[in-house]
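The block underneath contains the structure these notes are about, expressed in structure tokens.
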Amino acid sequence: MQDRFLKSIANLPEALAKAIVPMLDKDFAGHLDAQQIEELKTASQLTEQDLLLALLPIAAALARVPISEFYVGAIAKGKSGDIYMGANLELAGEALFHSVHAEQSAISHAWLSGERQIEDVIVNFSPCGHCRQFMNELVEGQKVNIHLPEQKTQPLSHYLPYAFGPGDLNITEPLLTKQQHELSLDSSDPMIIEAVDHAGLSYAPYTKNYAAVVLETKDGVTYSGRYAENAAFNPSMLPMQMALSNMARHNRDFSEINRAVLIESSKGSVSLVGATMDALHAVAAVELEHIVVESE
């Protein structure tokens, strides 16, 4: 079991702790499939809602919060029945807008894993306005059930009434709908190919800047992030922050970054290169490879 979960395990019901410890191996990064959830329900004798609430300390252990020291864990449950954990991320000494919220982390985890719809979000503190707006961008976002400790389960519409969302801007394929943008680049570099593939899957209906970041560690492992825009603009999640959140979930240190690539579309009305470089240089002494590709 990874050391970062030791304190969390001590706070779990004994039967649940015993059942989940074998799942928290060196490769665990916050994903449990539907079958594992059923196994944990059987072993713990908890209802699914109580189980997911009980697992929040595990999710919160994924956080990196050098500024606030305030650990927030979130779990996104997909239509598939799988769950995806996430936690907040802060960059030491850097502006707060670089931060990733736990709900963003969990939802991006689900998105990168191929999930097409989020049905439930479980979180250990009430979602802030930023996160409510971020979740409202999802497929049927207003119907997403929000679960909080000692609170009645309510749909997002309860927490964000009279919401402004993608429908108000005539967007009919919201976040997590499969995106397939054709981007053209001739390269034999596996890392660049991976970045182009993720950029083609990014969600940027407002600026058309289909973009992605891939980070490579010194042992050759890659971690990706895609651009996820929001109708309210500011809650958009940048690909570098998504990639860093991805690394944090996998328990990798940012000092291990050996290479970083940003791909973005030539037809976008904005560029992410400045913000991406700021975040990268805050965590690693690596130069950003910035490639603009043609969109078909």
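Numbers here mean position along the shown chain, with the first residue as 1.
A Cβ is built for glycine as well, from the same backbone N, Cα and C atoms used for every other residue.
Here is what Swiss-Prot says about this protein:
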ACT_SITE  E103  active site, proton donor
BINDING   N88, L89, E90  substrate binding site
BINDING   H101, C128, C131  Zn(2+) binding site
DOMAIN    47-167  domain 'CMP/dCMP-type deaminase 1'
DOMAIN    186-296  domain 'CMP/dCMP-type deaminase 2'
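Everything Swiss-Prot records as a feature, shown here on the structure.
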residue	record	Cβ contacts under 8 Å, 6 or more apart
N88	substrate binding site	A63, R64, V65, S68, F70, Y71, V72, S99, V100, H101, A102, S105
L89	substrate binding site	A63, R64, V65, S99, V100, S105, Q241, L244, S245, A248
E90	substrate binding site	R64, V65, P66, I67, S68, L96, H98, S99
E103	active site, proton donor	A74, A76, G86, V121, V123, P127, C131, F134, M135
C128	Zn(2+) binding site	H101
So, three-state DSSP: helix, strand or coil for C128 (Zn(2+) binding site)? coil
So what pLDDT does the domain 'CMP/dCMP-type deaminase 2' (186-296) average out to? 97
Per DSSP, to which secondary structure element type does L89 (substrate binding site) belong, with helix, strand and coil as the options? strand
